[in-house]
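**Student:** Below: one structure in structure tokens.
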Amino acid sequence: MTAAMEQLVAHTILQGFDAMYGRFLDVTAGAQERFEQQDWSSVHLALKKRISFYDHHVGLVTSQIQIMLGERYANRSFLMAVKSSYENLLLDYPRYEIAESFFNSVYCRIFEHRNINRDKLFVHSSQENRIPTYPTQLTRIYHAHSGLTSLFDRVLDDTPFTQVWEDKQRDTKLIINHLKQELGAAFNDETSLELIREPFYRNKAAYLIGKITLNHDGQYQTIPLVLPVLNNSNKQLYVDACICHVNDASIIFGFARSYFMVYAPAPGALVRFLSNLIPNKTNAELYTAIGCQKHGKTELYREFLTHLDNSDDQFVTAPGIKGMVMSVFTLPSYDFVFKIIKDKFAPQKDISHATVKEKYKLVKEHDRVGRMADTQEYRHFTFERHRFSDELLAELLAVAPSIIKVTSDQIIISHLYMERRMIPFNIYVEQANDDDLRDAVDEYGKAIKQLAAANIFPGDMLFKNFGVTRHKRVVFYDYDEISYMTEMNFRKIPEPRTPEDEMSAEPWYSVGIYDVFPEEFRTFLLINPKVKALFNELHSDLFEAKYWQSLQQNITHGQYEDVYPYRGVHRLRKT
């Protein structure tokens, strides 16, 4: 092989990445029009379409390389030389970090995810110390020298929206009053604001995101600022809320939310700004939140390696009731769990491995409304053998021997998911005090209702299939039985025809495969007397077929419930 061929292959991979990211940006650029035209059905289609580009272009490039090289493509030493040529192409390249992940994906596709190590892939970036830059001005800076009203007038005037504001003067006043209430005397005419030029679009909202620098008697403090903008029935804009605390901003970038549409020709610079804004979010979380989820996967793996290097605990079975379809393990010191699909499922689970994988794919592409955990899917994931106890390894080999390979120093799992670790809801309920229990039951009911309004029926609603986040939000994480709401047939149980019907252990009525009887939910949800009382008070409508039928009608008519990632206390107009 000649150096010219190595360079040609490197150029082919980078051109494939450019084609992919160009399409990614094209779909992202359409977010403003979809928002302004209130084309909500297209919002969901665009998200799904954008997610598909990455794997599609990896496949195209892989095929090109295989055709170019014939049988020679399996020469690993040649591809290491290609990697060296590729590194040279990235020296001044604005999206170098994501381009490295794309190279990894092509390499793994060619070699079917085998023989992955630090030499052959960009396990770590080739430019770890490079500070990413933006091709244009990333932010605008505003000062309050002419007063806070003038500052926020300019902020709203500078947005790229083509629509008029419903009442800009009112919104400016509400923003200022809210910030004064939250920040006190530190929010004054010495305040400055740095705002990202591009809005962040998700579902029915556009988010203006930046940071406020406060100057109180010479003491400087920087805090986040998030202004969600909504679109009224007359297609006029208004600022719905004002968020200025790190934890609240963090929730907006949460792992149970759909990916943002934000136009970012150099995402590394955007992530760098956001990481200063929300320091409790990792690079993996931020790249994923802005739609670069495949690079988020790379960053998550890098963060995992760093955690391994700085810990010595052993993997254990994750807390909670063991699943019928999946086995879950974790490190006690780590914030994620590893989920593997068992070789054989419990008899009552009449599904295939392919179906389980399709359900996880559905969740990634769907609007998760803050109630379904995102996952990252890995193949041929390698662990150090000494970090596993003999007991855990034996358990995993007992349930999934076909996907686990054990050597003297490694455990290689051919397919797994990584997911944010949460407290299983059934455990949380057992340990909660009365106030936390009430909040938890309310959160659980809201989770089911918001999922249903987004056209997701959880299927198995047992408490063990939900988790509680560090922000005490309830999130669903068991996807093997989810379906679209529109596929289900919600029915009221017919009245018994005879006394014998009433006493019968078997139903006296026909039951179709998609039939659901909400009255039966009480049987398995309301075992705990305290939970039963709270559920009947807060969410008794979940046991009525007509409630579910009304949600189905809304979905059929294109009416989707508004679910926003901030609490009512942050809204500028209280309702």
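Every residue gets a Cβ built from N, Cα and C, even glycine.
The structure displayed is predicted, hence computed values, not measured ones.
Taken from Swiss-Prot, the feature active site applies to Asp374, supported by sequence analysis. Annotated ATP binding site per Swiss-Prot: Ala318, Pro319, Gly320, Ile321, Lys322, Gly323, Met324, Lys339, in sequence order, evidence recorded as sequence analysis.
Tell me about the surroundings of these features in the structure.
**Tutor:** Counting only same-chain residues six or more apart in sequence, the Cβ atoms lying under 8 angstroms from the Cβ of Asp374 (active site) belong to Phe255, Ala256, Thr288, Gln293, Val363, Lys364, Arg368, Glu419, Arg420.
Using a 10 Å radius centred on the Cβ of Ile321 (ATP binding site) and all shown protein chains, the other Cβ atoms total 12.
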**Student:** If you draw a 10 Å sphere on the Cβ of Ala318 (ATP binding site), how many other Cβ atoms land inside?
**Tutor:** 20
**Student:** Which three-state DSSP class does Lys339 (ATP binding site) fall into?
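**Tutor:** DSSP assigns Lys339 (ATP binding site) to strand.
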**Student:** Of all the binding-site residues given, Lys322, Lys339, which has the fewest Cβ neighbours within 10 Å once its own Cβ is left out?
**Tutor:** Lys322
**Student:** Among the binding-site residues Pro319, Gly320, Gly323, which residue has its Cβ surrounded by the fewest other Cβ atoms within 10 Å?
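**Tutor:** Each of the binding-site residues Pro319, Gly320, Gly323 was scored; lowest Cβ tally within 10 Å is Pro319.
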**Student:** Determine the Cβ neighbour count for Met324 (ATP binding site): the number of other Cβ atoms within 10 Å of its Cβ.
**Tutor:** 14
